[in-house]
Amino acid sequence: MHDLLNEILDEVRPLLGQGKVADYIPALGGVRPDQLGIAVYGNDGQVFSAGDAETLFSIQSISKVFSLVQAIGHSGEDIWQRLGHEPSGQPFNSLVQLEFEQGRPRNPFINAGALVICDINQARFAAPSLSMRDFVRRLCGNRSITSDSKVAESEYQHRSRNAAAAYLMKSFDNFHGDVEDVLRSYFHHCALSMNCIDLAKAFGFLANQGFCAHSGVQILTARQATQVNSIMATSGLYDEAGNFAYRVGLPGKSGVGGGIVAIVPERASVCVWSPALNAAGNSLVGMAALEKLSARVDWSVF
């Protein structure tokens, strides 16, 4: 596997230079776009990596999966009274659909849905940002994981559209907490700094029927893990979930920091990172690397 990962990275490196980093978040705009890393965490506990797999990056929307798992853990099926699990077919920060559907987000991976999940968690935890950080630390077994306060503040200063979504949902009585407090927590979650190895390990429980092998803790039931994977498969890649299913064939979740996590049920979890994004906001080179990996080892679930 180690040799295969290096071979795949060599094959996709010519694509470096295409795409564009997420400069609409100023703190992310200065990230070097020529970086590329990948890690695979098997259900047997083995870790394989190549390239810049130990370089920290901002996980951004990948954090939405962690928030969702926290909410399911303490509230179960009740969360679906406030949001759905359908693909949106609209931009991840769309307000039009939210207005039309009376403040009920389509799924937990568009921004409005993630804010509802954060609102649910805010009511549950005394210190939501610390609870999230500690949860992620336990999932990956790395107690040095932190949130980048500069990235979080940069996002908070450009919060207008997210704030608009939150206040719109509040007008439909689907947002109960203080908007500014929830936004602060949301951006701290997005600003978690992790590397490919950390993220591959942190998502291992979703490839293992909800069981985190290295900690010995059942994070979700097997059924719940399957449900989370299904939402990742249909809604995890912004407006490119269909293309990702066609090319890679795995449940996945991306972030504008350039990371993509993919789940191989019963087998492994994978994280690839390269900061330059395509037009849909997903890592251009990362998509290509995952496509090659899935094809070489026949990992598609379809």
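Start at 1 and count along the chain as shown; that gives each residue its number.
In case you wondered, yes, glycine gets a Cβ from its N, Cα and C as well.
As recorded in Swiss-Prot, the features of this protein are as follows:
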type    : residues                                : note
BINDING : S61, N111, E155, N162, Y186, Y238, V256 : substrate binding site
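On the structure: features taken from Swiss-Prot.
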| residue | record | DSSP (3 states) |
| --- | --- | --- |
| S61 | substrate binding site | helix |
| N111 | substrate binding site | helix |
| E155 | substrate binding site | helix |
| N162 | substrate binding site | helix |
| Y186 | substrate binding site | helix |
| Y238 | substrate binding site | helix |
| V256 | substrate binding site | coil |
Quick one: give me the count of other CB atoms within 10 A of the CB of V256 (substrate binding site). 23
In whole Å, the longest Cα-Cα distance within the recorded substrate binders S61, N111, E155, N162, Y186, Y238, V256 is 19
Out of Y186, Y238, the listed binding-site residues, fewest other Cβ atoms within 10 Å surround the Cβ of Y238
